[in-house]
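These notes are about the structure you will find just below.
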Amino acid sequence: MNTKVWKVDNYVDILENNPHIVDAAHFLRENEVVALPTETVYGLGGNAESDVAVAKIFAAKGRPGDNPLIIHIADWEQLCRFVAEIPETAERLMEAFWPGPLTIIFKKKQGVLSEKATAGLDSVGVRMPDHPVAISLLKACGLPIAAPSANSSGKPSPTHAEHVIEDLQGKIAGVLDAGPTGVGVESTVVDCTEAVPVILRPGGVTKEQLEEVIGEVRMDPALESGAGEGGLKPKSPGMKYRHYAPNAPLYLIDGSRSFLQELVDEKRREGLRVGVLTTEENKSEFSADVVIACGQRAELETVATELYDTLRRFNLEKVDVIFSEMFPRGGVGLAIMNRLEKAAGNKVISE
Ligand code: TXA
Ligand code: MG
């Protein structure tokens with residue numbers, strides 16, 4: 001299949017009737033799948049009401065069928081079509097964070113969405129993306145759009161259109177290229193079917209921000225550091241898979257910079273090509289084959305923005321092993337550490 005690349009500008013006023021968006025919307029209505037930018041990562045979109053379209057999403061990504069997709073909408077009215085009830089906590093979160101990087105799990109109305117899209121669950125995850133191209137596309141096609149991150153299953157999520165092309169060229173109808181995404185980590189997934197809402201996946205909206213709006217919010221206990229390995233089953237099916245992995249083994253280093261440097265030196269003496277994932281503040285402290293600064297430690301949002309691109313750059317650099325700094329878990333740091341732990345398969349070396 002020839003994968004079209006449609007370059008679009010991010011200016012809202014030129015997006016109305018933009019021929020590329022009209023073209024992409026046409027493919028979506030024909031139950032083809034196209035990649036689209038969102039404020040978090042690129043998504044691989046398809047008609048959420050069509051088994052045919054949804055099957056194409058799973059096939060292109062090589063995604064396990066038990067992992068449900070997030071449904072993307074452009075306005076609140078679309079929600080009533082396929083959501084059974086909107087609890088008050090959800091409504092307050094929608095008002096505060098939509099459009100934005102927050103996915104809310106609702107009870108599902110039966111018989112509207114493709115059963116494949118929700119992996120046969122009686123709940124559904126929904127979000128309204130905060131990206132002019134995504135919203136224009138959703139409006140142009142008039143459909144609820146199922147969209148997982150547009151990477152091959154297991155690889156780091158795509159924050160640039162080039163990442164999508166790297167993974168999915170020839171497997172999808174096209175990609176709307178609007179340049180790099182902003183937030184860099186995926187949306188926060190919060191389950192509002194419980195009396196006290198539960199975070200199933202940390203992401204762009206922080207636990208602290210949610211609590212400011214609705215009070216108490218719990219974390220899925222299966223997300224606590226390392227718990228996934230020990231048997232607790234996460235409620236979000238996607239969280240049980242190894243994910244975001246670079247090609248080389250990645251180790252998280254819980255210790256000083258000199259400890260990390262000793263590990264690098266040891267591996268280099270063995271003849272390995274060693275990569276270090278660090279930050280602007282610390283990069284001059286390390287000597288290794290490849291040292292990449294992933295944002296600034298003092299501003300964790302910048303680390304989130306660059307994280308997946310950094311992981312992919314280590315692949316291009318063909319390193320044999322990667323050692324990474326760790327980050328404080330406050331704010332967006334929680335999502336960063338969750339992704340790094342998954343990318344590392346929970347391999348932590350402590351000083
Ligand atoms: O920022 C994002 O959320 C991006 C952009 C493209 O919107 N999408 C994304 O989708 O990250 P995906 O498929 O890579 O991750 C969706 C996560 C998975 O962990 C999945 O298991 C969970 O959401 N999920 C979806 N529906 C669910 C449900 N009904 N119950 C529990 N977890 C659900
Ligand atoms: Mg994903």
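Placement of Cβ uses the backbone N, Cα and C atoms for every residue, glycine included.
What TrEMBL lists as L-threonine binding site is THR40, HIS72, ARG127, ALA147, SER187. The ATP binding site annotation in TrEMBL covers ARG63, ASN67, SER149, SER157, ARG201, TYR244. Marked as domain 'YrdC-like' by TrEMBL: 18-205.
Locations of recorded TrEMBL features on the structure.
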| residue | record | Cβ neighbours (10 Å) |
| --- | --- | --- |
| THR40 | L-threonine binding site | 27 |
| ARG63 | ATP binding site | 20 |
| HIS72 | L-threonine binding site | 27 |
| ARG127 | L-threonine binding site | 26 |
| ALA147 | L-threonine binding site | 28 |
| SER149 | ATP binding site | 28 |
| SER157 | ATP binding site | 26 |
| SER187 | L-threonine binding site | 26 |
| ARG201 | ATP binding site | 23 |
| TYR244 | ATP binding site | 24 |
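A Cβ distance below 6 Å to any atom of ligand 2 is met, among the binding-site residues ARG63, ASN67, HIS72, SER149, ARG201, by SER149. Within the set ARG63, ASN67, SER149, SER157, ARG201, TYR244 that the record links to ATP, no two Cα atoms are more than 18 Å apart, and one pair reaches that distance.
Neighbour list (ASN67 (ATP binding site), Cβ cut-off 8 Å, at least 6 residues apart, same chain): ALA119, PRO148, PRO237, GLY238, TYR241. The separation of ARG201 (ATP binding site) from THR40 (L-threonine binding site), Cα to Cα, is 14 Å.
Taken residue by residue with DSSP, ARG127 (L-threonine binding site) is part of a strand. Cα-Cα distance from SER157 (ATP binding site) to ALA147 (L-threonine binding site): 12 Å (rounded to the nearest whole number). Under DSSP, TYR244 (ATP binding site) is assigned to coil, being neither helix nor strand in the three-state scheme. Using CA atoms as reference points, the binding-site residues ARG63, ARG201, TYR244 were checked against ALA147 (L-threonine binding site), and the closest is ARG63. In sequence order, the binding-site residues near ARG201 (ATP binding site) (Cα within 10 Å of its Cα) are SER187, drawn from HIS72, ARG127, SER187. Rounded to the nearest whole angstrom, the C-alpha distance between SER149 (ATP binding site) and ARG127 (L-threonine binding site) is 13.
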